[in-house]
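Contents: one structure, followed by commentary.
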Amino acid sequence: MSGFHASQCGFCTPGMCMSIFTSLINADKSKRPEPPKGFSKLKVSEAEKAFSGNMCRCTGYRPIVDACRSFASDVDLEDLGLNIFWKRSDKNPDVSELPSYTLGGGVCTFPDFLKSEIKSSLNHLNNAYISASREGWYHPRSIKEYYELINSCLYSDSVKVVVGHTSSGVPGYKDQDLYDKYIDISGIPELSDIVKKESGFEIGAATTIARTIEILEQECESISSPNGCVVFRKLADHMSKVANPFVRNTASIGGNIILAQKYPFPSDIATILLGAGATVCLQVVTERRQITLEEFLEQPPLDPTTLLLSIFIPHWISDYQAETSLLFETYRAAPRPLGNAVSYVNCAFLGLSSVDKQSDTLVLSNLRLAFGAYGTEHAIRAKKVEKFLTGKSLTALVVLGAVQLLRETIVPMEGTSHPEYRVSAAVGFLFSFLSPLAKGIPEPGKALTSGWSDSADTDDVRNLPLSSRRETISNGDYKPVGEPIKKYAVELQASGEAVYVDDIPAPKSCLYGEFIYSTQPLAYVKSIKFKSSLASSKIIDVVTAKDIPCGGENIGSAFMFGGEPLFGDPISEYAGQALGIVIAETQRYADMAAKQVIIEYDTKDLSPPILTVEQAVENSSYFSIPQEYSPKEVGDFSRGMAEADHKIPAAEVKLASEYYFYMETQTALAIPDEDNTLVVYSSSQYPEFAQTVIARCLGIPFSNVRVITRRVGGGFGGKAFRSFQVATAAALCAYKLRRPVRMYLNRNTDMVMIGGRHPVKARYSVGFKSDGKITALHLDLLINAGISPDASPIIPGTIISSVKKYNWGALSFDIKLCKTNNTSKSVMRAPGDTQGSLIADAIIEHVASVLSVDANSVREKNFHTYDTLQLFYPDSAGEASAYTLHSIFDRLVSTSSYLDRAESIKQFNSSNKWRKRGISCVPLIFRAEQKPAPGRVSVLNDGSIVVEVGGIEIGQGLWTKVQQMTAFALGQLWPNGGEDLLERVRVIQADTLNLIQGGLTAGSTGSEASCAATLQACNMLIGRLKPVLDRLQQQSENVSWDTLISQQASKENVNLSASAYWVPGQDSYRYLNYGAGISEVEIDLLTGAITILRGDLVYDCGKSMNPAVDLGQIEGSFIQGIGFFIYEEYVTNSDG
């Protein structure tokens, strides 16, 4: 992982390593031929899926895939990306340079002594009433023992029956209270039995999903007839898209069905088994019942007195005659169609087809059309549609009638998100299933699949090979700066030894906190009470605004534009606002106790909440934009419109919000210390201001608060200002209780409270010539800032800066920064620039559409000359030679074969009715602004070097570049440079009382500013050491670093620590970055499913300090952008 630069923030890296390790061990166990020396039995196709289910928000996954593929015996070495094993000058990769893999040995496994210990403890269980590992966990060994437990006084609402207990991680179905007793039925042998029968398989309810898939696939391999395995093969394939490998290896098939029976859980498994005609076996005390899955799902929610024993899946081989064909297909529409996301809608269709010889058409019988997850209590069969289709000759009119009837049948429940899409997708799936049957007649006895329909045949795009072409241009003038060295401390990240805030051992008497937050967007809070429950009994204290010390402020976040209170008191101004903090002995107790809260609200005398930008306009609810942050218009809009041949008088673009989804949620540990002081460990991009907010809240001097940040498990702007609230809350609780307090927000609380990217509504008017030259653009922007200013006043400027990447002739705008009763929005990766870039290109595409020309011709027509660039970017255009966007764009078009691919896409679209492709080439201009930064470099007596900088390591490689810069700068003392000093450099955590004025790490300039401060400090040291070195070299030419430091410098009382505060020059602190990208995308018109076929990126980063790090940042931002524009959705209820 380290060698392929496959770790950035590192929070996900240990999990990635474990998944890769698992794939290697599983491959070793296979019966494949021995691989070449140094490789494993793993195949590339398996390697690319090895970490399915793991999530990374930083890397873009490419280097992680490369690391795993490097073990595969069939890997093409030239496909592997940038790594430390081959030099850039190497023309042919040398396999011997890769770390050798030892087949079946040399790796860690679960220790034998632990296996023996666990086995021994299990063997000592005399009965179900004794726990194997902890009090309250019961292991019945038989159904009889299970019912003995249920019939005893053990059974109550605080008892939970589990197998894999994976439901505790399902959003919306997580435990709402603590359970003091669990009954684990996974040890009942009968529930894991698998019985093969003549008509199908009976699978025990405790069988894992992964084992079920394995059974079905093995059965398919043993059946020669294609009809015999169509049902099992399709079921196995669909189940492999449910959840992820970790869940499938643990969760039981019965547990999934129980969840679907008891709750409106969007289960794929229940739907596809309903379509396959599955039945279930139940036991109620001593009575056993066999009922259909349909009947089971329609029963009232089961209680523990009813036990699901098994599921029977028929293979349908004996149900069709020689003149019939078995049809079975499953579908799912989901944010991630290949797994790790619940479905918007899922379906399973089964039937028998035969040929009507008179009409020469197909006739269907034994139909089962199952639909689920579309906003229904449970999966259902569309029986009206089944009845309509049965016995009819399949013609276009019959298919049309069926889909129209289905549209009337599929009715999502009130409150279901995207109801129209879900219905449309369900209808599209049925059409995909039926339309090929109506078009052609297959041979009798041949099973059909969706491959007959071009709309559903996605195997060609799902199995696209992962490949890349990477080219970096650099020089060796500043070694090791500019070299793609591995990331600093990457081995610690990969092994799980890197310490994040929550990894810091809990101090003695540590308590844990969780927020109580409002569920109303605007209301008085009359009272806060708790339900009587096991969880609420664990509460030690509840901290509210009343506990803020005298002289302190109710402040939870602040920036130059204003603050935000820590608690809503007495009014809650938005849903998600903190009202108090529950304190308990463990984080789980605190989390569960917070769920027991009962809040009484009162909205009397309050106006309705303002939730949308339209409502903000109606109520004139705005934040002011300081003059120095207001963007500047260009030219005369009226004159530009008068010159136009064509006009688009009004059009609109809307962009929603986006959640940060860093892997490490907001967290802090506050420890009270002597003399009224506090030490706060915070996962923050801005420790300096966290110190300010904490001190103001507590009413104590800044010097009484020490905030320490070592590393951050992903930030993307979310750990800038939004981290203050958690750090301040933990500090307040610790200050009051005089005990350490840790807060680590669960994902749900983090999503509700922290906010994200700014939603934007843009209306535009544009005028243009017939040749595509745009003469004038006017924008009306409505930006949803949420409840507080935060950093929102900078967003208008960044949006317009990104829009200005094109020469609009004249550009005018009216911008409203809307104050609404929503969680405050804050900076998120390229804040404003992301929205502005899309707005600009949407306008370009619109103009191209009106003129019926290629959008690229319009883009190129409106590229800046250097003169217009200076007009639009007067403070940051730089020198003419630095304006490289033209050459970048031309190079990208050429190297990506854009014109040839565009022509191929036209041909594809003309020959495919339900699948369409498109290609787009987008330029980017990003205005960077450097900020002052501190740095300190200290050389210890043994020659080792310690560096402190204000910049925070959040995965962007800041520490790595600082390490490189330190080695380079101090290496200037010798002609051969300082590469030998790299391993001596240690970069240490930020500490607000040790290195002040650290500032905010954001805006893509934190690394260069920290490196500049480091260089400045190193130059001070060089000035002190050079005279000493000169004197030593007069005695001996070969003076080593050790000799210089340990023998002489210390003797001469040279100050070996230097501090610097770098301030950028006024003439160069703003500059422009250029890049461009091409994406080729395919869309299924029936379901809306999107597949990105190819992406090409070119970025001019000047002289990269570390190409490996910068490539990782580019790829990661591209993937995060895909999430924002295509897959991710920030959903809130209509009432806020």
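Using the three backbone atoms N, Cα and C, a Cβ is placed for every residue, glycine included.
The [2Fe-2S] cluster binding site annotation in TrEMBL covers CYS9, CYS12, CYS56, CYS58. Around the Cβ of CYS56 ([2Fe-2S] cluster binding site), the same chain contributes CYS12, MET16, ILE64, MET663, each under 8 angstroms and 6 or more positions distant in sequence. DSSP assigns CYS56 ([2Fe-2S] cluster binding site) to coil in the three-state reduction, placing it in neither a helix nor a strand.
Among the features that TrEMBL reports, domain 'FAD-binding PCMH-type' is placed at 130-318.
Summarising the annotation, TrEMBL assigns FAD binding site to SER252, ILE253, GLY254, GLY255, ASN256, ASP268, LEU308, ARG332. SER252 (FAD binding site) falls within a strand segment according to DSSP.
Here TrEMBL flags GLN685, PHE716, ARG829, GLY1003 as Mo-molybdopterin binding site. Spatially close to GLN685 (Mo-molybdopterin binding site) yet at least six residues away along the chain are VAL712, GLY715, GLY717, LYS719, ALA720, SER723, ILE952, ILE954, LEU1000, THR1001, ALA1002, judged by Cβ distances under 8 angstroms.
Of the recorded residues, ASN256 (FAD binding site) and CYS58 ([2Fe-2S] cluster binding site) place their C-alpha atoms 32 Å from one another. The least crowded of the binding-site residues GLY254, GLY255, GLY1003, judged by other CB atoms within 10 A of its own CB, is GLY1003.
The separation of CYS58 ([2Fe-2S] cluster binding site) from ASP268 (FAD binding site), Cα to Cα, is 30 Å. Note on proximity: of the binding-site residues CYS9, SER252, ILE253, GLY254, GLY255, the one nearest GLY1003 (Mo-molybdopterin binding site) is CYS9, by Cα distance.
For CYS58 ([2Fe-2S] cluster binding site) paired with PHE716 (Mo-molybdopterin binding site), the C-alpha to C-alpha distance reads 9 Å. For PHE716 (Mo-molybdopterin binding site), the spatially nearest entry among the binding-site residues CYS9, ILE253, GLY255, ARG332 is CYS9, judged by CA separation.
Cα spacing between SER252 (FAD binding site) and ARG829 (Mo-molybdopterin binding site): 39 Å, rounded to the nearest whole number. Same-chain residues that are not part of CYS9, CYS12, CYS56, CYS58 yet have a Cβ within 8 Å of the Cβ center of the [2Fe-2S] cluster site turn out to be SER7, GLN8, GLY10, PHE11, THR13, MET55, ARG57, THR59, MET663, GLY713, GLY714, GLY955, GLY1116. If you measure from the Cα atom of ARG829 (Mo-molybdopterin binding site) to that of CYS9 ([2Fe-2S] cluster binding site), you get 15 Å.
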